[in-house]
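Residues annotated as divalent metal cation 1 binding site in TrEMBL: Glu145, Asp256. Annotated divalent metal cation 2 binding site per TrEMBL: His182, His208, in sequence order.
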Amino acid sequence: MLFIRFFFKNIIKKRRLFSIMATGESYSFIDIGANLTGFARTVFNDLLDPMYQGVYYGKNCHPPDLDSVLKRSYETGVEKIIVTGGSLSDCKDALQLSLNEDHLYTTVGVHPTRCGDFETEPQKHLSELLNLAKENRKKVVAIGECGLDYDRLHFCDKSTQLKYFEEQLSLAEETSLPLFLHCRNSFSDFMSILKRNRNKIRSGGVIHSFDGTEEEMREAVEFGLHVGVNGCSLKTSKNLEVVKEIPADRLLLETDAPWCEIRPSHSSHQFVKTHFPSKKKERWEEGESVKSRNEPRNIIQVLEVVAGVRGVEPASLAKQVYQNTVLLFKF
């Protein structure tokens, strides 16, 4: 009896997975931003993001499963993933991870909330970042994640963020790499710094996880930047109106995994067509997604939302975005 139950349970599961993936379309993706290293929660110092190690807020809930997460993403059409670097140590970990996995690449830079790391030995810190980028050109594809975040000043004060965002633009100048940018509630100061350092920005860049206004989007695009969209960019009806207006040749897609999933409460959820089975972390099963933990394969949901909002076919949009990504990051 137990064998029969097990047999039918797996048949149902396989049928469910087949029905999810049998859309008649196949897409190629490059996820421009995923947090696979320890920066995502700085209280941890693991090589990989603690969620992909099975650790949630200090509690071990299941075995490490990053290999399975990556396998699922490749099966869904994700060809490359850019692992986001947010501190010097984090960038080293991300680089090591990418060197061991052909599909992974990384950025080099310091997140605005971590700019206090520069204060002890600023020039040495910058030099180490520069050397890391220069010595690993096959894997380092952008400078960042750098920028400004005025929503999290409790992590790093405004003056420190302003100073070291501007300092990091020298890394873009010396490497000719594009910028991977962060901007939260700081657009005016953010653009002022970029504009007065325009000569240092030789290869453009992207504002990742963009959630600003249409006016801000247009100013960024006019400056020459691309716009990265994930679940956090698609929460409200106003967000969707902005995404609808992003020029097609400046649009990039990302997940920001394990964060920024598209949730049922978001305005964007109505456009999602592809749904993957998931279980709560306490009921983890090998090969299954974890509920409320985003992962790179969910980029297909971002595509479906953006295509639905813009009234275009997902296949044509996927091709356009893939081309945009290849051109910016020189893959």
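Each residue's number is its place along the chain shown, starting with 1.
Cβ coordinates are placed from backbone N, Cα and C, and glycine is handled just like the others.
Predicted automatically and left uncurated, TrEMBL annotations should be read as such.
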Densest Cβ neighbourhood among His182, His208 (binding-site residues), 10 Å radius: His208
Those binding-site residues listed as Glu145, Asp256, and which of them has the most Cβ atoms within 10 Å of its own Cβ: Glu145
His182 (divalent metal cation 2 binding site) to Glu145 (divalent metal cation 1 binding site) - Cα separation in whole Å: 6
His208 (divalent metal cation 2 binding site) versus Glu145 (divalent metal cation 1 binding site) - Cα distance in angstrom: 9
Cα distance (Å, whole number) from His208 (divalent metal cation 2 binding site) to Asp256 (divalent metal cation 1 binding site): 9
